[in-house]
Every structure is written in structure tokens, then in C-alpha cells.
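J.: Straight from Swiss-Prot, here's the annotation block:
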type	residues	note
ACT_SITE	143	active site
BINDING	100, 142, 146	Fe cation binding site
């Protein structure tokens, strides 16, 4: 399974809205496997297809490193999520420290709904629903945001968000990458 290169801020593809997966076939299944391998290699707990440059409504998560200790009733296997639809979000809120493989080296506290329910297709194309809370709910919301062109820094104050964007634009310029205003 090849490890895919990660798309890093300020790459404008991160702001694209991903398109639905039309057919779940061996190509999509291989992409899911590659995304998991890429996520594990980078030390992440979630990855959206857009973060490897593929604008499809698809993501992978594996929060077992946390849940095995703190939430043993939560899913302990990786979850492949295709064409997710949020069915509901709780009114109760939770603040979690979030980071992102596309914004390396930066993390911040983000407030989100504590629980949610999503409907999605799995790797085999079967329709599933999952109710999640705590770290899994946060991770799913974070990755679904990516599918809609939203980054976790968009949940921060304008001052903090602009500071992060400027830092990564400067880094991109120093690395002779194309500068793009988000």
C-alpha cells in the first residue's frame, strides 16, 4: 500500500468541496487502504481524501490509541467512511485539543458538539450509521469539515486563524511553493 503525499496549508485544494463517491469499487477500496497507511505513517487519527489531493467525500479514522484506554466501549478498529451525512449533532458541547496532518506542528482547542450520528457507506458499500461521542465525534466532525473545505482553524478566532495562515504562507514561500490566499 503506497503512502500518499499530504496536502499542506496553504494549498488551495484544502478549500475545495469534495464530490460524492459514485461507485465503491476496487479503486476506492485501494484508496481507503492507502489513506489508512498514510494516516498511520504520519501519526494521525483521521484523514480525509482531500488531504491526499483527492476531492472525494471519503475519510478514515482510527481513534483506538485513545479509546482503548479511556473509552473501551468505543470502536477499536479503523473506520472507513464514504459519503458521510450528519444526521444529528448534540446540543452539549465539548472542547478538545485538535491538530491536523495538513497543518503540521499546530494545535488548538476547538469547541464542537460532544455527540453526533452519521450515516455513511463502508469499504464494501454497505450503508451504516454510527453514534459517536468524545474523541470519535470530534475526529469525525474534523474530517467531515475537510470534505466541505473547512479546516479546524476556521473554528478559531479570526486573529488566531490569520496568524496560522500567515505562518504557513511564509513557510510555503520559503519552500518555494506557490502562495495562495485562502
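Every residue gets a Cβ built from N, Cα and C, even glycine.
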J.: Once near-sequence residues are set aside, which residues in the chain of residue 100 (Fe cation binding site), 6 or more away, have Cβ atoms under 8 Å from its Cβ?
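T.: Long-range Cβ contacts: 106, 142, 151, 152.
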J.: For Fe cation, what surrounds 100, 142, 146 with a Cβ no more than 8 Å from their Cβ centroid?
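T.: Checked against the 8 Å cutoff, the neighbours are 46, 48, 51, 98, 101, 102, 143, 145, 151, 152.
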J.: Who sits close to the residue listed as 'active site': which same-chain residues at least 6 apart have their Cβ under 8 Å from its Cβ?
T.: 46, 47, 48, 59, 61, 81
J.: Secondary structure at residue 100 (Fe cation binding site) (DSSP, helix/strand/coil)?
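T.: Going by the DSSP assignment, residue 100 (Fe cation binding site) falls within a strand, counted as strand.
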J.: Residue 142 (Fe cation binding site) has how many other Cβ neighbours within 10 Å of its own Cβ?
T.: 24
